[in-house]
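Listed in TrEMBL:
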- 107, 108, 109, 110, 111, 131, 132, 144, 153: NAD(+) binding site (BINDING)
- 186, 247, 263: Zn(2+) binding site (BINDING)
- 69-179: domain '3-dehydroquinate synthase N-terminal' (DOMAIN)
- 183-322: domain '3-dehydroquinate synthase C-terminal' (DOMAIN)
Ligand SMILES: NC(=O)c1ccc[n+]([C@@H]2O[C@H](COP(=O)([O-])OP(=O)(O)OC[C@H]3O[C@@H](n4cnc5c(N)ncnc54)[C@H](O)[C@@H]3O)[C@@H](O)[C@H]2O)c1
Ligand SMILES: O=C(O)C(=O)C[C@@H](O)[C@H](O)[C@H](O)COP(=O)(O)O
Ligand SMILES: [Zn+2]
């Protein structure tokens, strides 16, 4: 399979190339956007040993000079400390404005490396080579970069588009099952926003193996949708907020779980729980929540978490980026494929969630 999807964002137009065994074509693809230069390959301790040598060989063959910089695996790497270390290493190795960063890893590496690329020397070139399912369907596309603060997730970041996203679905074969499945949480989110054939396709996925068998179609559908949204609203003035379906609650749950839950798992909980509450409010059509829960449970994604009842929603939600003049915009589904905005005073949303979700572990 070889597919090209063009992202026509306001700040930049670039290609997303979805290519089976695309790593073998890395040199050729990078050469379409970059002349020979120094490249910092930023990766993590799991992905580096699997793919960094191959990436380095390909780049060297194209005349690129490669430095591999490795961070620990996991969400806690999205930190000031790692950002500073990367920036320091770029400076020590005399990276200049003509050089570049290639992010080789999951969403954690992509968000961190993207942020470093966007601020070092006020911005150097970036290529995303996403290796987790979540990164291939979501985080490598659209230019959001971030690190976390104690106060909340992704509170420091930029919008910074890459020159190229190269997706090789075959690298997913080395991903642990739990990591594959968490990426599917974002796919269900996306399919619920789109509806139609995409939603039907997710209805056929009944196991992690089925995710893998259908990976190419799932990646293509997710990326096509995200590319459209980013083209329409790169910096999230309104429409891009739709991609936050399930995230208002998801980010709160992820933070409360302190690393125990992966991002896609927390999004699954957020998707289900918020849909349940909006269905109770009669804003979401009867049966939507059941369709969502069936899809999530089919692959073993969680619908709830023990921490949910004790989550401090006040602490977690007050930093939501969708708050404006004390009003929080939440996304809900009127029906599958029909997302809507729901704007409500933040204090009342917090009270409502505390009341509805405290002590309930359903
Ligand atoms: N920028 C965005 O638009 C955006 C969108 C969604 C999520 N995110 C962010 O992405 C992060 C989650 O990303 P993630 O789920 O990829 O987590 P991750 O980067 O931690 O990757 C998950 C695990 O899989 C390992 N891994 C990755 N690729 C592998 C491979 N091919 N073989 C073996 N192991 C591999 C990693 O080392 C890690 O242990 C969160 O921080 C989230 O906030 C950002
Ligand atoms: O690309 C986007 O826009 C998204 O919202 C995609 C989300 O899946 C992703 O988790 C994103 O990082 C959330 O961003 P945030 O602005 O809510 O921190
Ligand atoms: Zn997300």
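Every residue, even glycine, has its Cβ placed from backbone N, Cα and C.
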* Asked: For the domain '3-dehydroquinate synthase N-terminal' (69-179), DSSP counts of helix, strand and coil?
  -> 48 helix, 33 strand, 30 coil
* Structure fact -> Quick note, residue 111 (NAD(+) binding site) and residue 247 (Zn(2+) binding site): C-alpha atoms separated, nearest Å, by 17
* Structure fact -> CB contacts under 8 angstroms to residue 186 (Zn(2+) binding site), restricted to the same chain and 6+ apart in sequence, sorted by sequence, are 134, 137, 138, 222, 264, 267
* To do: Under 8 Å Cβ to Cβ from residue 109 (NAD(+) binding site), same chain, six or more residues apart: give me those in sequence order, or none if nothing qualifies.
  => 42, 43, 44, 47, 71, 77, 103, 135
* Asked: What are the non-local neighbours of residue 107 (NAD(+) binding site), defined as same-chain residues 6+ apart in sequence with CB under 8 A from its CB?
  -> 130, 132, 134, 135, 138, 139, 140, 263
* Do me a favour and check the Cα-Cα span between residue 153 (NAD(+) binding site) and residue 247 (Zn(2+) binding site); whole Å is fine. => 11
* With a radius of 8 angstroms around the mean position of the C-beta atoms of 186, 247, 263, what other residues of the same chain does the Zn(2+) site pick up? -> 134, 138, 185, 189, 246, 250, 264, 266, 267, 270
* Asked: Where DSSP helix means H, G or I and strand means E or B, what are the helix, strand and coil counts for the domain '3-dehydroquinate synthase C-terminal' (183-322)?
  -> 100 helix, 0 strand, 40 coil
* Asked: Mean pLDDT for the domain '3-dehydroquinate synthase N-terminal' (69-179), as a whole number?
  -> 98
* Taking residues 107, 108, 109, 110, 111, 131, 132, 144, 153, which bind NAD(+) in the record, the widest Cα spacing (Å, whole number) -> 21
* Asked: Can you name the residues of this chain that are 6 or more positions from residue 247 (Zn(2+) binding site) yet have a C-beta less than 8 Å from its C-beta?
  -> 267, 270
* To do: May I ask which of the binding-site residues 107, 109, 111, 132, 247 have a CB within less than 6 Å of any atom of ligand 2, listed in sequence order?
  => 247
